[in-house]
Amino acid sequence: MASVLPGRTGGRNGQDEFGQMGMGRWGEVGVLAVARMSMGAQLQVVGALGPLLIGTLAADWAALGSLIGAYSLAGIVMALPAGMLLARLGDRPVVLAGVGLMGLGGMILAISPDFSTAIAGRLVSGVGGTLLTIAGAKMVLDRFTGPAVAMAMGMMLMAWPFGIGLALLVIPLFGEEWRLGLWWSAGFCILAFLLLVVTIRRSRTVAGQPPRLSLHRHEWLPLLALGVVWAGYNAAFAVAVGFTPAFLVAGGASRAEAGMLASLIGFSILPLQPFGGALAERLGRPMLATVACIVGMVAALAATALGAPAWLTLPLFGLLAAPPSSLIMVFAGKVLSAETRAFGMGVLYTLFYLGLALLPPVAGWVRDLTGSAGAPLLAAAGFLAFCLIGLAVHAAATRTVPAAAR
């Protein structure tokens, strides 16, 4: 049986994509995973501190949702330029700039005296997160082929929910000292930056056609449909982990207990994250697996909001969230050619950040409107249900593309 681990995809004289000394592709994915872990923790820190920030940095739940969503707002503007920067400057400067800005924005948030300054800090961090996210996805797609793409992408992507779960466990340890939680998050990003500085030596040079600053005509519709799916899927995940602690506290749980239960979402995604997508690819039914998992996620969130045991439904939600994350990115890799990959990642993540910026405030607004702590979870279930339409459009669009154009 052929191995799912293809040979090296680039580099001269045995050099890998990142390093002069050649860590190996899987080790390099691990370095990116550490940086993405710090990004997940930074995204989640506002949600984990939620009740403590009401009346301090945020006036109400809608404002808290805006603080959560502001992290992604900069990505709406920066995603396409980030793809262009990747094509012009290479991986190393873009990745280092991204994680450095994450650390800077985290420090601004930690010292912020009011909502406006806090929003500014989240925007700076969001610019950094955009650069890291797009560069990391392109790096994996550049160096892996076949089922190994799903496995490598899953390894990198799983660091984000792991960071989210870690924040939900660590933040309650600071008690009422919410600024310490913000400083912890900023310090995590700075640590990741230092690790990248000493590890990533050189950007990869890819031979072949020069990068395009547009897509081929047949790539637009399937990629835009995937962008809608990627936005809705990730916004639903962010709303689930961001509003679940408050939902559980409203039901009588302590902050520590609520954080522990909510962290099950982030940690339960880990067992299937590296392998679920690769297995679906090997079995030849990646689209069916994606649809089935999203339907299950909708059911798990609805059951949680309606009073089902959270210790059961939250891990189920996280477990089912694992395969779609890598498979959606695999679908994107199949749509894009090598010369459109950088720009295409910018297009995909423009929609991704639109969803993350706009949908969490909608969930917070639904909470304010209804007064129900479970309303944001039902809103997240609705976001996921809409993803099924995007998957149908993507599947139909790819079926109509001539084989020679794929």
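Placed from the backbone N, Cα and C atoms, the Cβ positions cover glycine too.
Please treat TrEMBL annotations as automatic predictions, because they have not gone through curation.
Feature annotation from TrEMBL assigns domain 'Major facilitator superfamily (MFS) profile' to 28-399.
Using a Cβ-Cβ cut-off under 8 Å and counting only residues 6 or more beyond its ends in the same chain, the transmembrane segment (45-64) has close neighbours at 71, 112, 114-115, 118, 122, 167-168, 171-172, 176, 178, 181-182, 184-185, 238, 241-243, 245-246, 249, 255, 259, 361, 364-365, 367-368. What TrEMBL lists as transmembrane segment is 45-64 (among others).
Outside the transmembrane segment (70-87) by six or more residues, the chain places 42-43, 46, 94, 119, 122-127, 129-131, 133-135, 138, 211, 213, 342-350, 352-357 with a CB less than 8 A from a CB of the stretch. What TrEMBL lists as transmembrane segment is 70-87 (among others).
Look at TrEMBL and you will find 94-113 (among others) tagged as transmembrane segment.
Taken from TrEMBL, the feature transmembrane segment covers 119-141 (among others).
Annotation comment: TrEMBL describes 148-175 (among others) as transmembrane segment.
The annotation transmembrane segment is assigned in TrEMBL to 181-200 (among others). Counting same-chain residues at least six beyond the ends of the transmembrane segment (181-200), those with a Cβ under 8 angstroms from any Cβ of the stretch are 18-19, 23, 31, 34-35, 37-39, 41-42, 45, 48-49, 91-92, 95-96, 99-100, 102-103, 106-107, 109-110, 125, 128, 163, 167, 170-171, 174.
As annotated by TrEMBL, transmembrane segment applies to 221-248 (among others).
The transmembrane segment annotation in TrEMBL covers 260-280 (among others).
Summarising the annotation, TrEMBL assigns transmembrane segment to 287-306 (among others).
Within the chain, the transmembrane segment (312-331) has long-range Cβ neighbours (under 8 A, six or more residues past its boundaries) at 137, 140-141, 149-151, 153-154, 157-158, 161, 222, 226, 229-230, 233, 237, 240, 244, 261-262, 264-274, 276-281, 286, 289-290, 293-294, 296-297, 300-301, 303-304, 394. Feature annotation from TrEMBL assigns transmembrane segment to 312-331 (among others).
Annotation source TrEMBL lists transmembrane segment at 343-363 (among others).
Taken from TrEMBL, the feature transmembrane segment applies to 375-397 (among others).
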Across 94-113, 148-175, 260-280, 287-306, 343-363, the most C-beta pairs under 8 Å with the transmembrane segment (221-248) come from 343-363
Tertiary contacts of the transmembrane segment (287-306), as residues 6+ beyond its ends and Cβ separation under 8 Å:
233, 236, 240, 244, 247, 276-277, 280, 313-314, 316-317, 320-324, 327-328, 374-375, 377-378, 380-381, 384-385, 387-388, 391, 395
